[in-house]
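Shown next, in structure tokens, is the structure this report addresses.
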């Protein structure tokens, strides 16, 4: 009946608008049962269960053999780790596989089987699931004694496929690889040529005393290549050139040319290319997201125009405002956006909306999130009004910054004076007294600001919440110090009294005071610009962190399998060889692997690791492992992060002159809005052409 059809159209419009909000594809089934399943699948509960399952299966590596549940990673001193019995982690893993199977089945059904075979991610999903389940069965058949577990390396794929933004980012990175490969190839040619020059220049001679450069760094081709590769990162500079430089100063020209050409020119050229290319591909990805949003809104308009009570108009389709209100009541969206759209709808004088009006109504989704601060209290007393004006004035905040600076300077003076004194000679009376004075001032400042601004307005500013929290902590710490050690007096040394001296509360308070000095950042516009740029990267570029986590995890698991049992521990020895042996063995647990990857990401530890591997024939080929990680993380990934950092900073720098400084309004931007000014709106023809290609939606026109 017409009533059932109207309900279907309303539900279709609700789902299409929710797709537009989340930048999801609308190419899914649109019948009543499928729409209910679709909304249930993307509900917070269902997505939370899926995210928890992904977290659990990734966390299994920390307790699987070799277990990471030890305090120290040093194999010479740590106790035997607890290893779960066979079948425990496998049972948890099987439950995760069942959740992934349900996820795969729902996704495949919702998009339709024809679309399923066109979706590479879903095909890879089912392939990874089958391989993982097969490896799980093989593991149980061997009673969990097999050393190679392929499914552990494949686990990060479940995280990757669950994030549309991560998949877009990976696609952008993949599209940038050809341009990066040209510079990496040029870098390899540069490295190879200088390696051959070094082999000829530092060849072995008859004088063994003059062959230190050859013995240590250029004994053979792999050692020479490794030495120059590490020099490219400056990790072994100037150690690599000291033997040759001691022999003849002219040898320094070779190392200077290598460093200048490789480090200053080629590496920076790679950064420039990545910035130029990746920015374009990321812009295309964001443009695609905008198209998805516009397409979802237009699809909602098209289905609402099919309602029975909508008057037929051959010239132009319309939807009633009443139907739009019904849709908005069912849509799950941000309360601010929904309120703004409802307000705009009520202000509209007409009862029917055209396609352009309907699209403009939902442009509220593209606007910056604006946070308005609550108003200040209105006092009737003239005296209170004067106090409110005085303590609510920006100059009062500047005075607080000056006091905080004076506190920092006084702490520095005391620390410098007591730097060379023995603990028994140190007197904390002066430091305790000035801390007490400044903490009382901070408390008074907080109370006066609350009086002038009101509690709700005071707490609406992040800087005030930061100040207030630290002030309360300092006050509690100071009261606890006085309760245990008494008030400051000459000869006051609280670190020598009681159990609480282990916390060294006085110095903890000083550390918090130094940390509190960061309150000056919002008052320095350029510094605030830099800090907000970093915060935006942390909040909005989670997709890049997710892909980095995937790469970290895969390399860490691979490292565990490569280095497990590679070297037999030599016991409790203090020799350098024993330390290196313990280091190689400690690579076989997951936390150490993650730390190793983080250190190698900046190549600060890779020179020591490459030396360690070069003296052990078993691990010699593992150089490829660390070099591959350095190329992916340091050469490619760090440059991608620099490119995005530059893009975000330049965008904010350009916008700071065009936006008025409003003290009562805070703007919160997303990565999609970062490129909003340069995005192109899709045309009517493009939207309708895409809608007519929908595999499950039949339009009336």
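Any Cβ shown, glycine's included, is placed from N, Cα and C.
What TrEMBL records for 45-63, 122-143, 180-202, 253-275, 395-417, 429-448, 469-488, 508-531, 543-563, 595-613, 625-646 is transmembrane segment. The annotation domain 'Ion transport' is assigned in TrEMBL to 54-278, 398-649.
Sequence-distant contacts of the transmembrane segment (180-202), counting only residues of its own chain at least 6 positions beyond either end whose CB sits under 8 Å from a CB of the stretch, comprise 213-214, 217-218, 221, 224-225, 227-229, 232, 244, 251, 254, 258, 261-262, 266-267, 269-270, 273-274, 277, 631, 635-636. Panel annotation: around the transmembrane segment (122-143), residues 86-87, 90, 93-94, 97, 100-101, 104, 107-108, 111, 116, 149-151, 154-155, 157-158, 161 of the same chain, lying at least six beyond its termini, place a Cβ under 8 Å from a Cβ of the stretch.
Spatially, the transmembrane segment (625-646) is not adjacent to the transmembrane segment (429-448); fewer than three Cβ-Cβ distances between them are under 8 Å for residues at least 6 apart in sequence. Across the domain 'Ion transport' (398-649), the prediction's mean pLDDT works out to 69.
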